[in-house]
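Taken from Swiss-Prot, the feature ATP binding site applies to Leu314, Gly315, Lys316, Gly317, Pro318, Phe319, Gly320, Thr321, Thr322, Lys336, supported by sequence analysis. What Swiss-Prot lists as phosphoserine is Ser310, Ser387, and the listing cites similarity to another entry. The phosphothreonine annotation in Swiss-Prot covers Thr408, Thr478, Thr549 and is backed by similarity to another entry. For 91-114, the entry in Swiss-Prot reads repeat 'LRR 1'. Residues or ranges marked as repeat 'LRR 2' in Swiss-Prot: 115-136. The repeat 'LRR 3' annotation in Swiss-Prot covers 139-161. The annotation repeat 'LRR 5' is assigned in Swiss-Prot to 185-206. Annotation source Swiss-Prot lists signal peptide at 1-20.
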Amino acid sequence: MKCQVVLILIVVIFNVCIEAETIKEDKHTLLQFVNNINHSHSLNWSPSLSICTKWTGVTCNSDHSSVDALHLAATGLRGDIELSIIARLSNLRFLILSSNNISGTFPTTLQALKNLTELKLDFNEFSGPLPSDLSSWERLQVLDLSNNRFNGSIPSSIGKLTLLHSLNLAYNKFSGEIPDLHIPGLKLLNLAHNNLTGTVPQSLQRFPLSAFVGNKVLAPVHSSLRKHTKHHNHVVLGIALSVCFAILALLAILLVIIIHNREEQRRSSKDKPSKRRKDSDPNVGEGDNKIVFFEGKNLVFDLEDLLRASAEVLGKGPFGTTYKVDLEDSATIVVKRIKEVSVPQREFEQQIENIGSIKHENVATLRGYFYSKDEKLVVYDYYEHGSLSTLLHGQKGLRDRKRLEWETRLNMVYGTARGVAHIHSQSGGKLVHGNIKSSNIFLNGKGYGCISGTGMATLMHSLPRHAVGYRAPEITDTRKGTQPSDVYSFGILIFEVLTGKSEVANLVRWVNSVVREEWTGEVFDEELLRCTQVEEEMVEMLQVGMVCTARLPEKRPNMIEVVRMVEEIRPEKLASGYRSEVSTGATTTPIGSLSGSPYIL
């Protein structure tokens, strides 16, 4: 028995000695690495400090026996760095070198890291082809090589990385055909903006077209269409018969409606010869003081009801004044009083009705409107949490100010991106928001961003000079905004969220100058710097903002691509979690409590 105890003690002591020796070797390896590279930021990698608790960007495993992760994103690394030294960290699982200026060919020596699960080399200056065989990374789950200058073909050996769930090779110079990658667990794929040709292989046709945009590849054919091709004639015949029956039924319904309407007009002309209904919708009131509602009979009221109600000025903007109105039935709404409408009544009403038809959880629902010669009003829900502008900049500098956490900022940016993407899909894919800014973003009932003010800019005179900080450089008239200019404005919004700066007029120039000097960390809001564990996510969001604010419109992604980029920052939460929490098309339910929030149109 005593011999067994002694033997166990010897084994334990032996293992402890081995572990101590491993972490000692890892420390020596990283000191050798940092002494052989060019970097503009000072790393506190000192031999006298604990590698596991004090070294910036270094994370050890649970028992501090070896280095588990290197997070060196945006640390000013530059030039052709010898990464073979890092390959000695045999237990390394995470290697993040994003947003530096590292050049040279793909570091093949990293293939010695058999335990690697995440490799991010995005936003660097790597060039040349990838190795033909990448199968040594059997445990790899995330591979991001986007925004470099890699060329050649995409290795088919990537298909052997069976645990891979995220692959991003976008914005490189890859050419040739897309390999057939049979990876069942692959959830995120981005091959956009390369020089790829041919067709999308069947194994990848489950991904959206945005994953392949910017290449010369044929769009994937939906599997259900391929399945039923041999029954084409039967399908066509069935459709033709269905259409004929539908047309006959529609004609019958129209005939009944026409006869019914004529009878109604006769009765109406007898009873009220001087009155005329504006619309057949039951929510549209008669007379000059009625507000037109798109839905919800419980909200029907007229101008006199508004004048009697208790109102509070929430904000004044270049388009008019916004009021919080408490109605007699305890309902609270937001009424925006619009000034300087530059279009005739018919065009105004047509645009407003288009906006009112939009139903999406990340787009503020337009409830109704009023138009007369002297007064133009629009009615929205009241969001008690307030606008993103208030949450970011309100009470700044005060001790009792509640900090806006990164989680909330990320959710608001993501929700807003989804909202703008949905807006861009309306009116045949031609609708433009035209006035994206932080005072038009609110928290919806699920705590995600919800955008208001859709399409209003096209109805007004051009914005004054002091209010055009979000405007894309190619836009000289805000009434003629485009979807790419919306993307630019969204990029400014991202910068505002990351920097916490309320003055956005020169924000793009300032952010680019700071990043160019390789001081990316200086960009971020001081309130965010306390959250060191999310610095990598903030850097990735910064990259999205920089792509969105490209000076040339054709260089900017569309909003569907932007949504995917933001999802990839935290895929397990955003890409899947949002859809499980929020059902598509659900209406917004205002939550929270924050008085005096500026709703500025």
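Note that Cβ sites are derived from N, Cα and C of the backbone, with glycine treated the same way.
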If you measure Ser387 (phosphoserine) to Thr408 (phosphothreonine) at Cα, how many Å is it?
12
Could you state the whole-number distance in Å separating the C-alpha atoms of Thr408 (phosphothreonine) and Gly320 (ATP binding site)?
29
How many other Cβ atoms sit within 10 Å of the Cβ of Ser387 (phosphoserine)?
26
Secondary structure split (DSSP) over the repeat 'LRR 1' (91-114) reads 5 helix, 7 strand, 12 coil
I need the CA-to-CA distance for Lys316 (ATP binding site) versus Thr549 (phosphothreonine), whole Å please.
28
Looking only at the repeat 'LRR 1' (91-114), what is the model's average confidence as pLDDT?
91
Excluding near sequence neighbours, so keeping only residues 6 or more apart in the same chain, what lies with its CB under 8 A of Thr549 (phosphothreonine)?
Tyr488, Gly491, Ile492, Phe495, Val508, Arg556
Per DSSP, how many helix, strand and coil residues does the repeat 'LRR 3' (139-161) have?
5 helix, 7 strand, 11 coil
Quick check on the recorded positions Thr322, Thr408: which one has the highest count of other Cβ atoms within 10 Å of its Cβ?
Thr322
